[in-house]
Amino acid sequence: MVQDVVVEKEFFSDPVKRHRNEIFSIDVNDILSSNDGDGGYVLKSTFYHPKSKGFTFLEMTSKTASGKLKLASSFLFAFMSVGIMMLTKIILTEFNFHCFIFVGFLQYLTTMDVLLLRRCIGSIHFPLKGFIRIVLVELFPLPMVFMFNTLSGLGATQSLNMPLFVLLRRLSIFLTLLGEVIFLNYNHGWETRVAVILMIIGAFIATSFEVSTPVHGIVFVLFNDVLTALNGVLTRVKMDENRFSSEGIMFYTNAFAACCTGMMLLFDFRWERTDLIHFDGWTPIFITFLILNAFSGFGITYATYLCTKLNSPLTVSMIGAGKNVVTSYVGMLFRDYTFSIPSFIGINISVVGCLLYSHREFVRVMRRQEDGDLTHSEQCVAKRENP
């Protein structure tokens with residue numbers, strides 16, 4: 001019978017020698033003999049490059065991360081999501097800046113530059129050779145889905161008031177659940193289903209009485225719902241394949257999006273280049289908000305990948321719904337929102353659904369953490385004593 005064994009990492013070949021003198025517990029099924037003739041061994045799940053230094057959270061998986069780390073990644077994702085949404089809304093609404101493609105271009109470019117800088121100093125590694133093949137063959141359609149997901153979200157943020165936008169985004173929860181069931185074979189309990197139903201009902205009540213909603217804004221947010229769900233599922237699938245590092249996937253998708261949006265600006269798509277030239281609000285405060293928004297693009301991308309890798313796509317989407325509850329109330333302070341009783345009732349129904357799911361998810365994570373602690377410290381001994 002296969003049993004867990006305790007080995008020292010210095011018996012492994014070079015890819016893991018950086019961990020020498022540390023002892024850890026692994027299953028023998030995770031070990032493969034190397035073919036280089038040195039008698040060493042490598043881990044099947046380890047994709048380490050000798051140029052990479054140190055350790056990043058994105059190297060962890062949902063199986064190796066603790067419950068507290070998963071919870072922390074969720075809070076980071078929620079914080080960055082609220083921050084970038086507030087910054088984007090201020091830029092597009094309060095400053096009356098209508099060039100949302102340019103805003104997305106700055107986010108893509110900043111994320112790409114930050115990752116290239118980290119690659120140059122050796123903290124992460126991803127190949128630059130074969131970029132076109134990687135983007136258009138091995139990762140496709142994820143880069144295109146990522147770009148249109150971001151742009152549709154920016155377009156919807158510009159066109160709709162924030163409470164209405166976040167309520168219409170509730171549909172992405174339902175679509176993500178379907179995607180997990182179809183593509184990842186996840187089975188969700190009744191609490192999750194009830195929570196999703198409450199969110200959808202709240203969105204329906206709030207939007208049924210809106211008479212001044214722009215059609216193109218609804219189109220943007222509906223596309224964003226579909227693309228958000230698809231982006232979450234595709235991102236998790238590509239991460240689980242372990243063919244590229246998480247930072248590599250981030251770089252390729254943002255580089256592809258930066259190239260495409262750069263071409264859009266060059267050819268004056270939606271007359272954005274013309275609007276940029278004639279925009280007269282280039283004040284130091286506005287430029288500061290643009291810079292903060294650009295770097296927040298990297299922050300939200302990193303937080304999304306980390307939360308997606310350590311949690312299920314539905315969890316990421318539901319956390320997004322939870323932070324949207326906060327932005328729903330804060331969004332009432334912007335000048336493009338008109339208060340109405342149905343909208344307020346719908347928001348509160350969605351809050352109930354979000355709280356129901358949050359409670360179920362918190363209990364599940366804590367139980368898995370306890371089971372993980374038992375497995376890590378005691379289960380190996382139990383297996384050896386009871387083979």
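Any Cβ shown, glycine's included, is placed from N, Cα and C.
TrEMBL annotations: computationally assigned, not manually curated.
Among the features that TrEMBL reports, transmembrane segment is placed at 71-91 (among others).
Within its own chain, the transmembrane segment (97-118) is flanked in space by residues 88, 91, 124, 126, 147, 150-151, 154-155, 157-158, 247, 250-251, 254-255, 257-258, 261-262, 264-265, 269-270, 272, 275-276, 279, 281, 286, 290, 293-298, 301, which lie at least six positions past its ends and keep a Cβ under 8 Å from the stretch. For 97-118 (among others), the entry in TrEMBL reads transmembrane segment.
According to TrEMBL, the transmembrane segment annotation covers 130-148 (among others).
The transmembrane segment annotation in TrEMBL covers 168-187 (among others).
Here TrEMBL flags 194-211 (among others) as transmembrane segment.
Nonlocal intrachain contacts for the transmembrane segment (217-237), taken as residues 6+ away from its ends with a CB within less than 8 angstroms of a stretch CB, comprise 141-142, 145-146, 148-149, 152-153, 155-156, 159-160, 165, 168-169, 171-172, 175-176, 178-180, 183-184, 249, 304-305, 308-309, 312-313, 316-317, 320. The feature transmembrane segment is assigned by TrEMBL to 217-237 (among others).
Per TrEMBL, transmembrane segment is recorded for 249-269 (among others). With a threshold of 8 Å between CB atoms, the same-chain residues lying at least 6 positions outside the transmembrane segment (249-269) that come near it are 101-102, 104-105, 107-109, 111-112, 115-116, 119, 126, 131, 134-135, 139, 142-144, 146-147, 150-151, 235, 238-239, 276, 301-302, 305.
The transmembrane segment annotation in TrEMBL covers 281-302 (among others).
The transmembrane segment annotation in TrEMBL covers 314-334 (among others).
Per TrEMBL, transmembrane segment is recorded for 340-358 (among others).
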Worksheet entry | Surrounding residues of the transmembrane segment (194-211) on its own chain - C-beta under 8 Å, 6+ positions past either end | 163-164, 167-168, 170-171, 173-174, 177, 318, 321, 340, 342-343, 345-354, 356-357, 360
